[in-house]
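K.L.:
Sharing the feature lines straight out of TrEMBL:
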TRANSMEM  9-27  transmembrane segment
TRANSMEM  33-53  transmembrane segment
TRANSMEM  65-81  transmembrane segment
TRANSMEM  87-105  transmembrane segment
TRANSMEM  117-139  transmembrane segment
TRANSMEM  159-182  transmembrane segment
TRANSMEM  202-223  transmembrane segment
TRANSMEM  243-261  transmembrane segment
TRANSMEM  268-289  transmembrane segment
Amino acid sequence: MGENVNNRYILLLLFSILLILTIYMVFTTPIVWLLIFILSATIYGVLSPLIAARRFYFLATEGPHTALFAIAISIVLSRSIGIFNEFIWSIIISMILIYIVGYAIEKGVDPDIATSAMVALSSSGSVIALYHVLTRYSVSYNLWSIILGDPLLSTWNDVYLLGAVCIIAMLIAIATYSVNVYMGIDREYVKIGLSRPWIYSYALYTIVAIASVALLKIVGFVLEHVLILLPAQIAMTISESSYMVLIISIFIALLSSLLGLKISIDMNLAPSGAIGIIVLFIYLLVYILKRLKVFG
């Protein structure tokens, strides 16, 4: 009962801050920037507890690496073969690479070994592919943006793309969240009652692959790891309820993104870097409050 009361107060506080901040920024910030940050934060806020529930932390490590590799290779393939655009090729390649690691782990390969091998492959391949692209092709966007992230260069097309990815992520979360939580607790027991438990794993692999590619330009390769992991870790520190973790994770991601946007504009900082610092600050603050027994 005490935890439920605390959770309600925390949600009310977070919602109030978000509402005030959003209303203020609607009148002071270009709407494209605001929508980009809201949509990207919602995606990370949804994915983070799904990954944490299944303890698929290898996805946080592998996703950005495979996305970077996929984007570099997609430029070569789209120019050489002439079918599909760069985004479609990026999605296909990223999904294949993540599926390979997921399948290997499902078959008993140690997650650290499988992830390390794929990170080594994708990192080396990214360097080779990016060098090839930079020396032989003219690309329509700055490749530095996928390393450092540059959401302020986003367009309405990016808003539409992120909107579609956000809807897909929300639908997958709604449809699979409870099962993923139970599978994270006792996978063997859940497998007894499900005829195709692998569907839930591959649904998660799929949306992580798509989101990693779609968001790489927004937050950049460097910070994707942090933003996939920390919202759920913060939420789990505050609450032990699985659905409260999902809601708080989304709120934390939104709050961090909007504050990061505001600070980056006022102080002329890189937006993705400002978001990363804020997420880390919130994590440390919540951890200290937890140690002081403010939560739980």
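Placement of Cβ uses the backbone N, Cα and C atoms for every residue, glycine included.
TrEMBL entries are annotated by machine, without manual review.
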K.L.:
Taking the transmembrane segment (159-182) as reference, which of 33-53, 65-81, 87-105, 202-223, 243-261 has the most Cβ pairs under 8 angstroms?
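P.N.:
Selected stretch: 33-53, with the most Cβ pairs under 8 Å.
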K.L.:
I'm a bit unsure how to read this: which one of 9-27, 33-53, 117-139, 243-261, 268-289 has the highest number of Cβ pairs shorter than 8 Å with the transmembrane segment (202-223)?
P.N.:
33-53
K.L.:
Counting only residues 6 or more past its boundaries, what in the same chain has a CB within less than 8 Å of a CB in the transmembrane segment (87-105)?
P.N.:
58-59, 62-63, 66-67, 69-71, 73-74, 77-78, 111, 114-115, 118, 122, 161, 201-202, 205-206, 208-210, 212-213
K.L.:
What stretch, picked from 9-27, 33-53, 65-81, 268-289, has the most CB pairs under 8 A with the transmembrane segment (243-261)?
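P.N.:
Comparing 9-27, 33-53, 65-81, 268-289: 33-53 has the most Cβ pairs near the transmembrane segment (243-261).
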K.L.:
Which residues of the same chain, at least 6 past either end of the transmembrane segment (9-27), have a Cβ under 8 Å from a Cβ in it?
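P.N.:
Sequence-remote neighbours of the transmembrane segment (9-27) are 34, 38, 238-239, 244, 247-248, 251-252, 254-255, 258-259, 261-262.
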